Amino acid sequence: MTERTKKEKKGRRFKTRTTMALATTYKVVLGSIAFAIFWALAVFPAVPLLPIGRTAGSLLGATLMVLFRVITPDEAYAAIDLPILGLLFGTMVVSVYLERADIFKYLGNLLSWKSKGAKDLICRICLVSAISSAFFTNDTSCVILTEFVLKIARQHNLPPHPFLLALASSANIGSSATPIGNPQNLVIAVQSKVSFGDFLVRVLPAMLVGVSVNALILIIMYWRLLSVHKDEEDGTGEIVGEDDVSSHRFSPATMSHISASNSMDHVQSSPNNINGSLATHLDSIRNRINSGDQLESQRSPCGSIDSNDISTPAQFSEEKESKTEHWKNKMWKLCVYLVTIGMLVALLMGLNMSWTAITASLALIVLDFKDARPCLEKVSYSLLIFFCGMFITVEGFNKTGIPSTLWNFMEPNAKVDRVSGIAVLAVVIILLSNVASNVPTVLLLGGRVAASAAAISASEEKKAWLILAWVSTVAGNLSLLGSAANLIVCEQARRAPHLGYTLSFWNHLKFGVPSTLIVTAIGLTLIR
């Protein structure tokens, strides 16, 4: 089968889905109810009447679609996209091992290394957040870097909110550059068959310019705050040490609500943890006392200690063993970085993204040469389940014919070969991403936008997918509820020990609206 034949077949499939008529009134009403329940719990997971959370909400929506006979059980299973789940699982495992290899500690130290003031810090935060989000996902970067950013703001005696806005907004913009930067890009990459390298080359210029413009908007809006001189007693050296890094290790399984207070609650609810730490402390005291008695017994009559007696062979053996462990740890970190680089090279070469990520994760598990259960337990299985439920729910909503009817109404004014059409499409994506969230927006619009563009040309189809990726991602900066990364930064900042700060909805909105509109418009001119 030729490439042209494949394109025509793909276009016919999309066209059939696009022109789907409304289903029976029974399916339309019940399917809309099921989707509305899913939407409400996905956007507001703590709804007072049903506070069951996003994951359970997606499963409830999927189950209702089947119980209401909007879709059959076989259609529900077929709606689950296994390549997307495989790619998501693989990248999460790689992120866990990268975090163990201290990659985020080095990124945090980079933020404060030879800093030249508040405006320089804003630019650094924007750059580091964008680059780390492109390769380690925006949610992961926000989980790790929020506390670093709060410490930087505290050191320079500055209000934290410009720095928190820089972190969250740049994480969203940066994640648009690669298929592994955020969940909606994963969906687009798998459905569109756009290669990793092609995706990166076409979106990277827009991302770099977008991050620069975003930093400039921040500096202009908060010029007076960022011009305040820090107190003389504040130091200028590195603010983040290894102890600080180890104090807030992350777990992707709880990245949407991880906090220091959660860990304190866990300690308070587990007396055994406290008893264990007390026992360890008492043992260390006993060891010090015993070692003191031994030294006392070794003293000479004149009260001096024989140095030959102190340096025992056992101590030399321990020192040698610690040096060996040190070098083993260094080599293991190097292997983690090399495997990650190899994964990125394989993705750039166009290999299957799902199996490349899974292979890289298994390579790290084997190289670790330990029981992988602790690391695998950090994978966000709740997110994988959420995706399964969302796939089924969105497929059921598609079966009602409502999305197709609305798209048929908008399609004549949303052609990607015209500037006005791109503008209309961008506005629709921004609004829908902030109302229904970006991943459901991509699932609802992706095939329809691609079919409309494929009717023009194959190049326009690829451009349509990339426009969808860019706009749906940057749209997350519009409001605090626009993306999970924003909520993560807000929650992490609020619960940070001794550094707590609440980023308000309005503080975010007055920056988010101009930033989103300007960055989106500039990026659309650069995507080809």
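Keep in mind that glycine also has a Cβ here, set from the backbone N, Cα and C atoms.
Taken from TrEMBL as is:
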type	residues	note
COMPBIAS	293-315	compositional bias 'Polar residues'
DOMAIN	46-475	domain 'Citrate transporter-like'
REGION	293-322	region 'Disordered'
TRANSMEM	21-46	transmembrane segment
TRANSMEM	52-71	transmembrane segment
TRANSMEM	78-98	transmembrane segment
TRANSMEM	203-223	transmembrane segment
TRANSMEM	334-367	transmembrane segment
TRANSMEM	379-398	transmembrane segment
TRANSMEM	419-436	transmembrane segment
TRANSMEM	465-489	transmembrane segment
TRANSMEM	509-527	transmembrane segment
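Ranking 78-98, 203-223, 379-398, 465-489 by CB pairs under 8 A with the transmembrane segment (334-367) puts 78-98 at the top.
Most Cβ pairs under 8 Å with the transmembrane segment (21-46) belong to 379-398, among the candidate stretches 78-98, 379-398, 419-436, 509-527.
Of the ranges 52-71, 78-98, 203-223, 379-398, 419-436, the one with the most Cβ pairs under 8 Å to the transmembrane segment (509-527) is 203-223. 379-398 is the stretch from 52-71, 203-223, 379-398, 419-436 with the greatest number of Cβ pairs below 8 Å to the transmembrane segment (78-98). Count of Cβ pairs under 8 Å against the transmembrane segment (379-398): among 52-71, 203-223, 419-436, the largest is for 52-71.
Restricting the average to the domain 'Citrate transporter-like' (46-475) gives a pLDDT of 79.
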